[in-house]
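J.: Next up is a structure, given as structure tokens.
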Amino acid sequence: MAPPTCRLLSAALVLLLLLATNHQATGAVVASELRCQCLKTLPRVDFKNIQSLSVTPPGPHCAQTEVIATLKGGQKVCLDPEAPLVQKIIQKILNKGKAN
């Protein structure tokens with residue numbers, strides 16, 4: 001092979017590898033977003049320790065409703081959305097939001 005052809009082939013191969021790597025990385029992000037975040041749930045947590053609460057309805061990413069509480073220490077815990085205490089916590093937060 002002539003040197004210009006070899007350089008062109010090398011450049012094309014490098015470009016192809018970069019595109020393949022970029023495509024794989026992008027696919028990995030999508031795949032990780034399309035699954036449930038809560039593998040284990042807690043039936044209760046002290047209301048005073050909750051900094052914020054996120055409720056994610058069922059969708060293509062996960063068949064269950066997910067309730068994720070961020071505690072004042074920064075730790076995130078998954079709560080059981082069917083637990084009576086968790087439902088009371090959600091109602092308290094909703095009522096607190098309506099009062100403001």
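Using N, Cα and C of the backbone, Cβ positions are placed for all residues, glycine too.
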J.: Tell me which of C6, C36 Swiss-Prot records as disulfide-bonded to C62.
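T.: Going by Swiss-Prot, C62 is disulfide-bonded to C36.
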J.: I want to verify the bond table. Which candidate from C6, C78 sits on the other end of the disulfide that Swiss-Prot records for C38?
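T.: Disulfide partner per Swiss-Prot record: C78.
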J.: Long-range neighbours only, meaning 6 or more apart in sequence with Cβ under 8 Å: which ones does C38 (disulfide bond) have?
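T.: Non-local contacts for C38 (disulfide bond): Q64, E66, V67, I68, C78.
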